[in-house]
Amino acid sequence: MHYSEIMVRYGELSTKGKNRMRFINKLKRNIQSVLSIYPQVHVKADRDRTHIYLHGTDYQPVAESLKQIFGIQNFSPSYRVKKSVPALIEAVQTIMKQVYQEGMTFKITSKRSDHSFELDSRELNQTLGDAVFMAIPNVQVKMKAPDIELRVEIREEAAYISYETIRGAGGLPVGTSGKGMLMLSGGIDSPVAGYLALKRGVDIEAVHFASPPYTSPGALKKAQDLTRKLTKFGGNIQFIEVPFTDIQEEIKAKAPEAYLMTLTRRFMMRITDRIREERGAQVIINGESLGQVASQTIESMQAINAVTNTPVIRPVVTMDKLEIIEIAEKIDTFQISIQPFEDCCTIFAPDRPKTNPKIKNAEQYEARLDVEGLVERAVAGIMITEIRPQAETDEVDELIEGLL
């Protein structure tokens, strides 16, 4: 027997009242986006659950993808069976013989949406339970927390049987909590921040600052690969590459070394905010962790934040580095993040950066620069690429080779 569908149950969506169907429909679209690499798979969303029809597609890779999608509480692979008592008896006996081990307990739970079926739920439980006893005489029934719970659903088109319940990622469907711009450096922290924002339903676009020739094509590919890792949690992500060379050279030439990092981050924040406004997002997200580096003291955050009134979400701000690394390993971004490519935040990093910069000093040094002109030129020069769950990596590799 082969699985024919997967039944998906919702998590926090049960608390969403009148907005429930909006959340469910968004989850459906996210599932369709992530599973788009399986053309035979069909997704149908109902108020109480979503049905994923496999149509011959291998169950295992689909299940691995579903485990990552936010908004799913759990799911169960199911067998499609002819809607008749003899067919159900045969299927239940076959399944139990496959999964039963000595000493296990079981329970039958039946549900009918087709009330014209010849047996009601209670009668079906009894009939199928008797069939299990015939196949495995020594098996014991247990109504609470059995080792094996066979779930039987009688629908209009067929009957479905399942016995596994696999835990999902929980959280909220991506896109149900607004939209944010993720400042993605290529390090360990910012992809984790993006993941945690996705978990709470925030639709993200990744903003990456590139300063060629100081930053390499490898650094750009690294950031795109990190973005691709995040797509498995909610579908395609827009990757926004910002040209940053001119700005960094101007800062390096005209500002004191101690304030290089502060001014660099202030420009990044301004540019991200301008892109946010143009693309209809509500928040900025970054991977700052309090006290981890010189630019992540409270004083530095205050000086950098002063250039925007937009809310800045810092999902990892109170985490230790080891806590962040643990999540990075879980979401499979860690090995990419530690690849030895320099990013914009490291190429001109001063030996003794200011840990308690003053806003008035930052503004004084910025007066030496054409701030608005530099920001406008950077925003005008952005390049946007849609990153998919399994992008055509050959095309990306060809692009990198061309740049090299």
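Glycine too: its Cβ is placed from the backbone N, Cα and C atoms.
Annotation source Swiss-Prot lists domain 'THUMP' at 60-165, citing sequence analysis.
Here Swiss-Prot flags M183, L184, H208, F209, R265, G287, Q296 as ATP binding site, drawing on sequence analysis. A helical conformation is recorded for R265 (ATP binding site) in the three-state DSSP classification.
A sphere of 10 angstroms centred on the C-beta of L184 (ATP binding site) encloses 28 other C-beta atoms. R265 (ATP binding site) is surrounded by 25 other CB atoms, counting those within 10 A of its CB over all protein chains shown. Sorting each residue of the domain 'THUMP' (60-165) by its DSSP state yields 37 helix, 31 strand, 38 coil. Taken residue by residue with DSSP, Q296 (ATP binding site) is part of a helix.
Within the model, the domain 'THUMP' (60-165) shows a mean pLDDT value of 95, rounded to a whole number. In the structure as shown, the Cβ atom of H208 (ATP binding site) sits within 10 Å of 27 other Cβ atoms.
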